[in-house]
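Below: one structure, written as structure tokens.
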Amino acid sequence: MSVAVQLFAALALILVLARVLGGLAVRLAQPAVVGEIVAGILLGPTLFHGELANMVIQPAIRPELSALANLGVALFMFAVGLEADLTRTGDARAAVSVSVMATVLPLALGAGLGLVVASSRSTPDRTAFVMFFAVSMAVTAFPVLARILIERGLHRGRLGSLALASASLSDVIVWSLLVVVVAAVNPSGGSPWRLVLLVPYLAALVAVRPLLRRLLRQSGQRSSRRLSRDRFVVLFIGMLVSAGFTEFLGLHFIFGAFIFGALIPRDVPSETSAEVVHQAGRLGGLLLPIYFVVAGLQVDLSGIGVGSLVTLMLILLVAVGGKLGGGYLGGRVAGLDNRTALGVGVLMNTRGLTELVILTVGLQLGVLDGSLYTLLVVMAVVTTAMTGPLLEVLKLSDASVHPNSGDSFLPAATESGQSAR
């Protein structure tokens with residue numbers, strides 16, 4: 001069987017399985033990403049000791065699948081950057097309080113647990129491991145959070161606007177810290193002279209921003225206010241160049257994609273901005289299921305023993321305690337009542353695909369081994385799945401709003417958003 005036939009057959013199977021399990025997750029009032037990650041795990045070595053994975057995803061096509069998966073992640077990070085709107089602060093004092101507490105507390109707890117975990121493992125660079133472990137505890141998945149708020153009718157109230165603003169601020173902090181960690185872990189990834197190019201790279205992005213504003217405003221002045229294909233292609237090329245350049249610098253391509261998305265001006269018609277996210281979502285929605293499978297090939301639940309279960313419980317305790325506790329404390333400091341502050345904490349504890357992207361970076365850099373990567377992926381799924389039920393317990397939902405599967409992998413923070421990752 002030719003490589004092309006193997007590739008097309010694998011792609012068809014991946015998309016069908018991801019769609020079915022993603023839809024099932026939505027029917028169970030869960031974000032689609034929960035089912036899609038499970039689909040990737042099922043095709044990995046967890047079942048039949050990897051024989052199923054080798055039969056379905058044969059080694060000859062894995063480089064091609066990885067390339068497609070990376071493109072999907074780049075589109076996702078571009079859209080996350082676009083959604084990380086620091087002008088959407090509303091109650092700025094409360095947003096800063098929540099984002100700082102929901103970032104600093106899990107970072108501190110994560111660093112402590114990282115030291116404990118590192119003492120029982122062979123880690124080439126303990127400092128880098130602890131730094132990365134701490135950052136992995138501090139993640140909030142803005143896309144999933146936004147979709148949950150929309151589905152429950154909470155996005156217009158104070159809870160929703162505060163959670164969105166806090167998640168945006170937290171995103172910027174976490175991704176900035178991750179850049180530092182990656183640079184520290186991977187100093188040989190790029191020659192020192194390449195890192196000098198970081199300054200002109202950032203300067204070029206600043207210089208391009210007015211051109212992007214003009215490009216998007218011209219789209220907004222059209223009667224349909226829809227983004228033309230040519231204009232989207234220009235943005236797509238810009239994202240690819242930015243992602244490729246950060247990879248060339250020895251950093252990871254996800255940072256370039258994220259920075260380019262964050263660079264998009266916010267003072268353009270909202271319909272145009274939403275159209276950028278929608279078009280990126282249509283393309284990324286086809287590619288991200290491939291990423292879940294590529295990531296799932298490294299997850300082996302069959303190898304979890306008693307010792308690993310203890311580590312998993314500690315990881316869950318720190319992850320939930322840090323984010324939920326930090327969000328709650330930040331909300332209380334900002335003057336929120338107990339129930340609303342708990343709701344903010346629950347929402348900040350949502351991780352989704354954002355966590356998976358960071359964990360994959362750690363695996364690629366050799367900071368995480370396969371067993372710890374597996375445990376952290378389980379943590380990402382559990383913390384994402386628990387958000388909906390906890391909001392129900394707190395009675396922070398609108399029963400008239402029901403989840404839907406949709407096609408877009410990232411919602412804008414409006415009713416136009418579709419399914420979240």
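The backbone N, Cα and C atoms fix where each Cβ goes, and this holds for glycine too.
Annotations in TrEMBL come from automatic prediction, not curation.
Annotated by TrEMBL as transmembrane segment, the relevant range among 65-82, 371-388 is 65-82.
Cross-referencing 1-33, 232-264 with TrEMBL places the feature transmembrane segment at 232-264.
Contact between the transmembrane segment (65-82) and the transmembrane segment (191-212) is not supported: fewer than 3 Cβ pairs lie under 8 Å, counting only residues 6 or more apart in sequence.
Sequence-remote contacts of a segment are chain residues at least 6 beyond its ends whose Cβ falls under 8 Å from one of its Cβ atoms, and for the transmembrane segment (94-117) they are 126, 129-138, 140, 162-163, 165-170, 173-174, 177, 311, 314-315, 318-319, 321-323, 325-327, 329-331, 333-336, 344-345, 348, 372.
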